[in-house]
Amino acid sequence: MRSLTHYCGTFRAAGVAAAAALLLAACAPGGNSEDGPVPSKPASTGIGSEPVTLKLLVTSGVDVPFYTALGELFRAKYSNVTVKVESQDYATLTTTIARTLAGNNVPDLVRVPQLGNLTKDHLLISLDPYAQAYGWNEWPQSQFASTRVGPDGRERGTGSLYAAGAGFGLTGVYYNKALTRRIGMTRPPATVAEFEQLLSNAKDAGLQPIMINGKDGGSVYPLQNLVMSYAGDVQAVQDWNYTKPGASIDTAATVKAATTLQRWGQAGYLPADVNDIDQTRAPAEFVKGNGVFFPSGNWQAPGLDKTGSDQFGFFLFPPGVAGGPSYAMTAAANLGIPARSPNADVAAAFLDFVQTDQQARQETVTLGGLVPAGPADAPAPTAPEGSAVAATVSAFQELLKSNGLVGFMADATASIHVNSLIPQTQLLLAGKTTPEAFAAKVQSDYERDLGR
Amino acid sequence: MIAASRPRGDAVPSVRRRSWSALLWVAPAFGMYGVFVLFPMLQSVQYSFYDWDGIGPATPAGLDNWKAIFTQPELLRSVVNAFVLVVFYTVLPVGLGLVAASFIRELKPGAFSTTARVVLFVPQVLPLVAAGIAWTWMYSSNGLVNQVLRAVGLDQYTRAWLGDFTFALPAVGVIGVWVMLGFCTVLLLAGIGKIDPALYEAARLDGAGRVSEFFAVTLPGLRRELVVCTTFTTIAALASFDVVQIATQGGPGYQTMVPGVQIYRLTFLQQHVGQASALAVFLAVVVLLVIWPIQRLGREK
């Protein structure tokens, strides 16, 4: 059996460097370009009566008890299905998911941190048949936009659906109720300028105006919020996130937002050691009272409520002009069905269940700290009055109706967050780059990532 | 078999026979080496000429991946940072290690000498990830380093060391000094132990002081150990990954980015296996170019 690869191996072992060039053309690495998608079985909403073990691969941490609870609820309804939850930490899952799904021991549902090349390499199945069968197409569609992928395998927001989730993340600004009373805040700020005045009041009162984690990207949130508030419109950012051809973030709104954030840094509104604070330390400092405001996401709400209810409030980032639209960044805790999963129908049933079952939706808030979306007429889950969780849930409902939910710029490409947004924001806050250079650099890195 | 049937005394075939049987003995090891070391290495070289995400089909990329190393400022910058780390991982530990070893040699064997060795060597036992986490705490705004500075009244020098644009890279470097110093000291101590005591005695009789004794006896006697120390620590510096990934993730800005972290991100996060391979091969060549003269120095008489 002297195959082509056999010859390649022999030559390489001999270390004939000169011959390498010839060989390279002969045996290119990777799969066959003619590999089409796995032929899909007809989608069915039935889950049969045979015993099935549904394997979930999620991120470690709060996701494990959350999905375990959802699994038990699902089993209560379909007694032949056992849900088995496995986990990997987020960073590990991000780096190993492609290999896991290309292997032989695939989960039936996987938490998808980023779609990346997963659809192009045919590792996930399209959920379109299930969306049709379960009637997801009748629900508010903005909740599915970020996991649609176009036929080129890259542009998002359009095309086939590849993932759906139980709940959504949502960003905004937490505030310490006791401290905001001291600086005379009676209601959430109506404009960015009003917010900036509050920051100034806090500084004058000897308080730390904002607590934020600049080390691992927390300062990118207010930046994106400022961009959207100044633009008063999110189409440009949304197009950019979805890598629509010709999209650019190098805009006047971005420059203005970067200018404002830099000014906040220089005025001492951000912690002096902002670039050394990570996502574990920032909420801990905020809970201790170090920081009047804490721009972050709803995943922090259950943790903040644990320190005592009615201590922390949450408002959406203020608009640029009074009465203007509010926007928030959102991302679903997306689950996808691997192409090699033998239990796609059951997995799809589980996905439908977590989005529609009232008890499951309640667990999503209580255990997952996320807000469920689902059908427009689904009742919102409840949360204790005055809690940070309750504030995030109502903010989400409001935005779902006003189409104010936008994806994270951090998710536009696989590396834009760690390689561009984080370091460039750090340079910006340290005064080592200008707002104009910041906007241009993020855009040029983005184009390089996309090979434009 | 043909060789075996020839009459004895035929020198040439007997040599050939011996070399053939030697090959047979070497074959298993060479096979493993070929499959697990040479093959992947050459595969990396091959990948570096492709645009490949690690799963799907690859497309030939010509020299694009290689050009990027020299045209993308972040990639080249990371290589420069790695050379700055050589100062901390190699120059300081080997220098301080020599001094420490010379002093410990003069100590009488006993509790103090043993303690000194253990204290210096402990960092070498810890996993680098643990070291990175521990030092991150020490360097934080309210960490040990700043507490000490405040205690002695140097408040104006306190800062978040790993978040500071000027001091982040040296701060990472100091972690390297801490880790590498023990290794160098222990190795050099062992080397000193092998030096003939008569040489020291002769030097003393000739009226040599401590310093000239060090340069005339200790230093030349440690040539081989010094080469091992320098080689090992230089590779550790140029190929560093763990400490940076844990302590700073390359930040603030691009201040502490090193090729190891870039390669990791390119491969696993960006799925640019081709670009990652090009940078990895480039790094390997750079390491070889740096190590080669050091090795030559060690062999000279």
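The backbone N, Cα and C atoms fix where each Cβ goes, and this holds for glycine too.
Note that TrEMBL annotation is computational and uncurated.
Positions annotated as domain 'ABC transmembrane type-1' by TrEMBL: B:79-294. Marked as transmembrane segment by TrEMBL: B:20-42, B:82-104, B:116-138, B:167-190, B:226-247, B:276-294.
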Maximum Cβ pairs under 8 Å to the transmembrane segment (B:82-104) among B:116-138, B:226-247, B:276-294 is reached by B:226-247
Near the transmembrane segment (B:116-138) in space but 6 or more residues beyond its ends, with Cβ under 8 Å, are 100, 104, 107, 144-145, 162, 175, 178-179, 181-183, 185-186, 189, 242-243, 245-247
For the transmembrane segment (B:226-247), distant same-chain residues with Cβ under 8 A (at least six beyond the ends):
82-83, 85-86, 88-90, 93-94, 97-98, 127-129, 131-133, 135-136, 139, 162, 171-172, 175-176, 179-180, 183-184, 187-188, 256-261, 264, 283, 286-287, 290-291, 294-295, 297-298
